[in-house]
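To keep things clear, I will list the structure first and then write my remarks on it.
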Amino acid sequence: ATSNVFSMFDQSQIQEFKEAFTMIDANRDGFIDQEDLKDTYASLGRGIKDERIRDMLAESSGPVNFQIFLGLFGDKLSGTDPEETILEAFKILDADNKGVINKNYLAEIMMTQADRFSQSEVNQMFDISPIDVAGNLDYKSLCYIITHGQEEE
């Protein structure tokens, strides 16, 4: 990842990545390390195994500073379709890899983290979302609806 990584994104995207990087870099040393990732998952109410964190960090060629962070996202996002990108974002919140996320948990995350959606915006999303009787949102179906405009037949 060289300085041309910045040409992959527009200024607003770079700013959003910078905000995300700053949130994850808990100790504010300019690098994302194992402890930063553990703290981030803990703040989201999720545990994560050390092995999984090591796997994530192994994707970079060295210490993860902002430029490397941006490059990792550039690599992940280049050649992916919007549906896959949205799906990957939901998968981060699905620690058990069941394909569903509790709607109350999702609402809390959406209204308290990063872009902070309003209750009205979250309700609009839930209005078009497949949610089961236990209150779990089927995010794979929601991704399809978001990118194609209707549920799969």
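Along the chain as shown, residues are numbered 1 onward.
Quick reminder: no glycine exception, Cβ is built from N, Cα and C everywhere.
In terms of DSSP secondary structure, the domain 'EF-hand 1' (12-47) contains 23 helix, 1 strand, 12 coil. The domain 'EF-hand 1' annotation in Swiss-Prot covers 12-47 and rests on sequence analysis.
Neighbour density for Asp29 (Ca(2+) binding site): within 10 A of its CB lie 11 other CB atoms from the protein chains shown. Positions annotated as Ca(2+) binding site by Swiss-Prot, on the basis of sequence analysis: Asp25, Asn27, Asp29, Asp36.
Taken from Swiss-Prot, the feature domain 'EF-hand 2' applies to 81-116, supported by sequence analysis. Averaged across the domain 'EF-hand 2' (81-116), pLDDT in this predicted model comes to 87.
Within the chain, the domain 'EF-hand 3' (117-152) has long-range Cβ neighbours (under 8 A, six or more residues past its boundaries) at 81-83, 86-87, 90-91, 94, 99-104, 106-107, 110-111. Annotation comment: Swiss-Prot describes 117-152 as domain 'EF-hand 3', evidence class sequence analysis.
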*asked:* Treating G and I as helix alongside H, and B as strand alongside E, what does DSSP give for the domain 'EF-hand 2' (81-116) in helix, strand and coil?
replied: 22 helix, 3 strand, 11 coil
_Taking 8 Å from the centroid of the Cβ atoms of Asp25, Asn27, Asp29, Asp36 as the cut-off, which other residues in that chain fall inside it around the Ca(2+) site?_
Ile24, Ala26, Arg28, Gly30, Phe31, Ile32, Asp33, Glu35
_CB within-chain contacts under 8 A for Asn27 (Ca(2+) binding site), separation at least 6_ = Asp33, Glu35, Asp36
*Taking the Cβ of Asp25 (Ca(2+) binding site) as the centre, how many other Cβ atoms fall within a 10 Å radius?*
20
